[in-house]
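Here's the structure, in structure tokens; my notes come after.
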């Protein structure tokens, strides 16, 4: 193998493959200088399919490559078949289930699809209702049932309110609204009126003027809205508004929605 | 410990905690009869904070409980400190990093926050753009740039189009639109006109009439829209429409958005 060939990586599962991808990506992110060629193979449902995957991977090994395989297969015969592959195999359940069975003094169920299936129906339904709530309350569109919000994200346009709200709703079932801050709010130096009874639920976002200007330029090139001057004014004003109302806030410039969401949950003391 | 006390579980991280929760929840889902009391502690940033967490957990052990701890801490002194806790500790990086270092013949970076941070900026930006696209194209709201869609979800109202679209956009950066099917489409037995050039991108959802009627009843109780008769008619008509256009489809009644998304990606051959 030429040393600059990307390293083949496989995420294998008898269910969605989400855990294999998450686990594997976390481990691989510790090797930022290595290039990986990733393939997810979900829903491996029987031994024949598992054997076909093993054959595929073994063929790469025979060609001199060094594939890395992450598996979260649960079903024991599928796990056994995947276990025969000659690549580096990281088998999540194989590694840890025995230890957990011992601690819990209980046998594992060995049924696939439990982690990202419907699971607890009430919890799943509350996530779906939270998505609906977030859609209805995106960008200040609706003031209906604002008292039901667990969180109200506020920020000038294009600071990342919408994707952060969606992530919190979809992953954590948080009832989150989001609300734009506009020049009119800054002139009055006050929160938008509908939010005033809910200042304790408010969380602010800010970003860097240059980055905001870049993002807004993609939407409306050359507009006053996208100008560095206007972006700087709005962000300074928003930060002053947060401070004067005691609203906690984050800078979204160098953070992902996942990081912002985790910090917001922690700072607002919201149960995941 | 009374045997019916829930088992305390901790997800620990020097970053968001997402991997610890995903890994831990997958393993715990193999023990459906055990009740767990889950606590996520993200952003453990120094040895003092790590020691405080260890003290908290050790106190539970001294009281006779058997906590289970999942850690994805990367920083070596934090990992070492967490490693002194007396509970059952599942340390993802401790377990596997050595093996990966050997296979890759490279040292791990030992820097936290790489897995769910901004990471690859282009990939992150495309996820955010996909969320924007999904918001704009929810429920047939816009026909602009429909040719940019990688996927168009179609279904009668309340079959799960919106959360599935959002999940695909947010997690996988898929450009997905969704479009409602209404009586008018069924009378003509045709796809809505704007979708006809894009039939290859269409994927259908269906559900069970009883379940649809329940979901619609929450929105408009006692309406013809929520009646079992109307729900049954729409679903039968939709399934016939899918079949006649060769549109693949799934039944959302017993599947989570995660499962539907994984299946849609696989069947539509979309790169994650």
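Each Cβ is built from the backbone N, Cα and C atoms, and glycine gets one as well.
A quick note: this is a predicted structure, and the numbers were derived from the prediction, not measured.
The following features are taken from TrEMBL:
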type	residues	note
BINDING	A:155, A:156, A:157, A:158, A:159, A:160, A:161, A:162	ADP binding site
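Checking the binding-site residues A:157, A:159, A:161, A:162 against chain B with a Cβ-Cβ cut-off of under 8 Å leaves A:162. In three-state terms derived from DSSP, residue A:161 (ADP binding site) belongs to a helical segment. Report note: the ADP site is defined by A:155, A:156, A:157, A:158, A:159, A:160, A:161, A:162, and the residues of the same chain whose CB lies within 8 Å of the CB centroid of those residues, excluding them, are A:178, A:180, A:205, A:207, A:252.
Other Cβ atoms within 10 Å of the Cβ of residue A:157 (ADP binding site), summed over all protein chains shown, number 16. Following the DSSP three-state reduction, the secondary structure of residue A:156 (ADP binding site) is coil. The 10 Å shell around the Cβ of residue A:160 (ADP binding site) contains 25 further Cβ atoms across the protein chains shown. The Cβ of residue A:156 (ADP binding site) has 25 neighbouring Cβ atoms from other residues within 10 Å, across all protein chains displayed. The least crowded of the binding-site residues A:158, A:161, judged by other CB atoms within 10 A of its own CB, is A:158.
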